Each structure stands twice: as C-alpha cells, then as structure tokens.
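Scroll down for the structure; my scribbles are underneath it.
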C-alpha cells in the first residue's frame, strides 16, 4: 500500500506531519509513505508547482495525502506557475472527478455552528460533487449582439457517462452509510438537470437497497439549514455542489474540522484512487508557529484509509479518536481553545 504525502505550503507541512504520525501509530504494517514537494515549495526548489517527479510519485500511489498550497511570495508569478495550479494539475492529470465532502458536527461542537445547537447536533452528511463537467468546463466567452449589446455566456452541459459515473460513486457511498441518497438538480427548468435525473433513476436500479429522492437545488439549500439531519448522502453537479458544500461547511462551524476527498476512475488493489485534503488553506500568517489545527488533515487521512486502502476499521478508529479528543475539550484556537498542532496530534494518538 503506497501513500503519496504532499505537504505543500504554509501550515501544510505541520498538519500533514500529525496525520502521518496517526497513520504510523495504527501499526498497519504494509504501508509505504513517500513525501514530495508541491505548490510554492516546489516552485522555489524546482521552478514549477507540480514537478514531474511529484506527479509520478502521485501516479504510482494508491492515495494522496495533500496538505495545502498557497504562498504570498508567489502571488506575482504567471498564473500557470502559481502554487494553486498544483492541485488543479493533479486533478486533471489523475482524472479526479468526484469530490466527497463530509459535514459532521461532533458531540460538544454544536455551539460552533451557525445553526441552533439542537439542529446542528443532527448533522452527519456527505456531499458528493461532480468535478469535471457543468458550467465551469463548458464553452464560454464574450460576444456582441446585433444591437451592439455586450454579452457573456457560459454553457452548462453534462454527458450521460459523466452523470453515470458520479451516480455510482454516490450510491456506493450511500450503501456504506444509512442507504439514503438525495440527488439535487433543477430539472424543472434545466435540460441538463433533466438528463441528470433520468440517469440517476437508471443507476438506482443497480442499488435497490438505497432510497433515492430528488430535490431542486433551491429547496435543498433551504432544507440544509432548516433540517440538515434529514440528509445522509447528497449528490449533485459541479456548480450546485460548489455552493452547497460551502453552505454545509458553515453549518458545521469550523473549517478546521472539515476533510475532503477527490476520487478518480482508477481502482487500486484495495479501493479507489483519490486525493485527500483539508478544505482550509495554507494560512501563511500562522505557518511555522505550531498553532494550526491538524484535525481536518487527520480526518482526511481516515478517508484515505477507508476509500483508497479499504481499511474501514482503521478509519473508524481515527474518527473515534478525534471525536473523543474534542469531547474531552482538546480544542485548537479556531475553536476557542489553546491546544497547538502537536498537542492536538498527541491527544488524538492517545485516544486511538
């Protein structure tokens, strides 16, 4: 089993270090972790945010543990050389098409949510977002109409095969949870969404144990605030998923607890190849000070073990240890506590 560790910039190296410690402490044996530079750190050393050697290490792995990229020193570089291009390059080169964003309020964390504690406490959902299609990747541009009026346009489109592959990811995720899947679209006005809904219904026949429901995106946004506990797995397109996943993040209350996965088409010997990262950025203002909360990265490592290495029990152990540490009051500064990066890592290790 091979894990590519790409720490990146800012607090990336600090938080990935704690996640690596947790993986090592599990005593799983046959896991090889190989570190490689990425982002601004890679540009400064090799002249490119995603060196060929780093990409090759990523390709040969079963899963990637990614820290964060972003360096103020690189802000004046040409766009293709900026640190952020590393993650975009990895997604494209490795055909990562399915973003998994869990949103869970751990016991004792209810007051950090923007919602009432009794509502927030019920949140435990997973948003599955398609990454490679939709309006972000359609034809776009500017044009001048016959009357001289300037127009901007972006074409929203999905192919049946694109919808089908994300549908299978979502149904499989639902099979491992409460067997409930909500497909979010806008089929009452968009042809793209009508195709989306048709394909979801077809794929549902392969998963008779999963209860599928459909919801318009405007209603989904309301229900996510009104009764988030009613959701288990949510699957949606790129644009809607971009918005809903950030909304779900605020329902949780702190990005320091939010992990994510981007899965590809390749099946490894143990699971599905993917890239795993916290949703927070590189936070250069606190880099190197031991202040960053590594829990999101540790939870990302748990997702890697579950989805790419097939180590469900090990992933459960990590998540339980994080939950116990939070319940015991081990809080980073993002949660109003005083615990530093290493202290939080030690607390999780002690509760494995």
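Every residue gets a Cβ built from N, Cα and C, even glycine.
Note that this is a predicted model, so its numbers are computed, not measured.
The substrate binding site annotation in Swiss-Prot covers 91, 101, 129, 218, and the record cites sequence analysis as its basis. For residue 218 (substrate binding site), the same-chain residues lying six or more positions away in sequence with a CB closer than 8 A to its CB are 186.
Sequence-distant neighbours of residue 136 (site 'Important for catalysis'): residues of the same chain at least 6 apart with a C-beta under 8 Å from its C-beta are 238, 239. If you look up Swiss-Prot, you'll see 136 (among others) marked as site 'Important for catalysis'.
According to DSSP, residue 186 (site 'Important for catalysis') is assigned to coil rather than to any helix or strand. Residues annotated as site 'Important for catalysis' in Swiss-Prot: 186 (among others).
The Cβ of residue 246 (Mg(2+) binding site) has 13 neighbouring Cβ atoms from other residues within 10 Å, across all protein chains displayed. Secondary structure from DSSP puts residue 246 (Mg(2+) binding site) in a helix. Swiss-Prot lists 218, 242, 246 with the feature Mg(2+) binding site.
According to Swiss-Prot, the feature NAD(+) binding site maps to 281, 282, 283, 284, 285, 286, 287, 288, 289, 290, 291, 292, 293. Cβ neighbours within 10 Å of residue 281 (NAD(+) binding site), excluding its own Cβ and spanning all shown chains: 15. Look at residue 281 (NAD(+) binding site): DSSP puts it in coil.
For the binding-site residues shown (91, 101), fewest C-beta neighbours within 10 angstroms: 91. The two recorded residues, residue 289 (NAD(+) binding site) and residue 129 (substrate binding site), show a Cα separation of 34 Å. Neighbour density around each Cβ, counted as other Cβ atoms within 10 Å, peaks among the recorded positions 186, 289 at 186.
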